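Written below as structure tokens is the structure these notes are about.
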Amino acid sequence: MPAYRSRTSTHGRNMAGARGLWRATGMKNEDFGKPIIAVVNSFTQFVPGHVHLKDLGQLVAREIEKAGGVAKEFNTIAVDDGIAMGHDGMLYSLPSREIIADSVEYMVNAHCADAMVCISNCDKITPGMLMAALRLNVPAVFVSGGPMESGKVNVNGKIRSVDLIDAMVAAADDSVSDADVEAIERSACPTCGSCSGMFTANSMNCLTEALGLALPGNGSVLATHADRKGLFVEAGHLIVDLARRYYEQDDARVLPRAIASFKAFENAMTLDISMGGSTNTVLHLLAAAYEGEVPFTMKDIDRLSRRVPVLCKVAPSVVDVHLEDVHRAGGIMGILGELDRAGLIDSSLPTVHSTSLKDGLERWDIKRTKSDSVRSFYLAAPGGVRTQVAFSQDKRFEELDADRSSGCIRDAEHAFSKDGGLAVLYGNIARDGCIVKTAGVDDSILTFSGPARIFESQDAAVDAILTNRIQPGDVVLIRYEGPRGGPGMQEMLYPTSYLKSKGLGKQCALITDGRFSGGSSGLSIGHVSPEAAEGGAIGLVEEGDRIVFDIPNRKVHLDVSDAELERRRAAMEAKGDKAWKPAPRKRRVTMALKAYAAHATSAALGAVRVVKD
């Protein structure tokens, strides 16, 4: 039977000094035999998804102590991708994921914590904590800050839901007046919480439910709604129970690696594909799998994408549908319920809250539950009040959206499309694959070809789009923006938003070894692997080369002969230390970013760092 890790620093004569320090934090004699639970918070006033988390760590801590544990809180960093977007700040976003994972490892291992509750929310924080949980493999429960309410704006006399992306698109559209841009800007992000669409933050918080590491509702109940408080209260009690089961009953089934198994990663990716989640989720799931030594790869994602239909479409893939609407339709357990009925997931797997996912679905799927309290839970509605206060609203919808033929969540028979919302493309320009969010691609451009317009930075591409140098039919190619080449693999939200604002969203393609925001849509192909800085063929494309996209057949092809590509590769290699580097660009790469770039891998491996022994 495993001993409590914390006893390393709380038991024995030689630990008198450590116990003295523990006492200085408030611990008493009777606490030294209890499980020490790390409350891993990520409060910051920089990020709307995290501004309300300050008191929530202590809420969880109080519940842990009521349940018989000892709670010790610490904080991680948290980068707001939206605020960091469009300038060199975005270079730090993806590397911050690794810093978060490392900081959790440092704190939990340095202080011999027995288990942890991870309070995350936004883009890199949930993935970073997930990587840490699988790396450490101590009992863990995830509870996020929750999505913000969608904004509401009057458009031609009609109230429409809006979000961050609407503000960006409107600002770049010369036909929209300054007054209208300001109205959308002021309305787009009305409350605390992660941005209201199926962007990266919400996608990842939804996937923690499918992995089995979070409570039902984690991905969908609003940050402002009183019902969300129950998740934090329950997480505090649950983690003490999980710790006791492992350390006192030798029940290893409660450990993250036992719960987030290969089959659980398949379930999570199946959910992701079915709801058209952010392409960044591919990157983060691969990274988490790497940390947990789970052999889940791009090949598995490709396989799943060919058989999973789209059962739910949310902004930015469609307008006027946000996480509050998904919640009203039964949330993530509602989508998982439909996937289970279609035989597309394995519901026999354990979760932190139920013996099996199937048991959880019996209670939490609105199509099968007999619980009035569960039905009431999924009626939680936006309050419509601008606020940064968690749990401050208590409005409810009058009825659930249980329409599976034309509602927010569909059954397999009435799927939005039989093909999934994400796809892996392969070809001579992306030997190890690249990713496209098919849920955001118009049917008219599922097959597309055009001449490459080459840019060796996001900034150069943005300038070309805004100065009308991109024409209908062009393929905007942005390279040397991968994990190593950027470094940091910037998100390309501004180029995709500006293409849309210029009326080119359905007339152009964009391909890059960088990545896209969860708010991106259109024919946007990212994560090209290998990246240019690693000698990938994307670094050999020349201005005007034709690139062919065939999403139905999962292909992307640079229309250049193998012999010509070999000639270009030889010419590139002949440049010596200047080979596989971008044209000069204004970019300050600090020592911290250089350290990340030195060990970063391409997107096909999740852009994780690999440090050889």
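The backbone N, Cα and C atoms fix where each Cβ goes, glycine too.
Since the structure is predicted, the reported quantities are computational estimates derived from the model, not experimental observations.
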Exercise. Hey, Swiss-Prot has Mg(2+) bound by ASP123, LYS124, GLU491. Any idea which of ASP80, ASP81, ASP166 it lists too?
Worked result: ASP81
Problem set entry | Listed in sequence order, residues with CB under 8 A of CYS195 ([2Fe-2S] cluster binding site) and six or more positions away | PRO48, GLY49, GLY82, PRO147, MET148, ASP163, LEU164, CYS189, ALA201, ASN202, GLY518, GLY519
Seminar exercise, completed: Top of the binding-site residues ASP81, GLU491 by count of other CB atoms within 10 A is GLU491
For this session: Have a look around CYS122 ([2Fe-2S] cluster binding site) and count the other CB atoms within 10 A of its CB, chains all included.
Result: 28
Exercise. Going along the chain, which residues six or more apart from LYS124 (Mg(2+) binding site) have their CB under 8 A from its CB?
Worked result: ALA78, VAL79, ASP81, SER93, LEU94, SER96, ARG97, ILE100
Seminar exercise, completed: Cα of SER517 (active site, proton acceptor) to Cα of GLU491 (Mg(2+) binding site), in Å and rounded, measures 5
Exercise. What three-state class does DSSP give ASP81 (Mg(2+) binding site)?
Worked result: helix
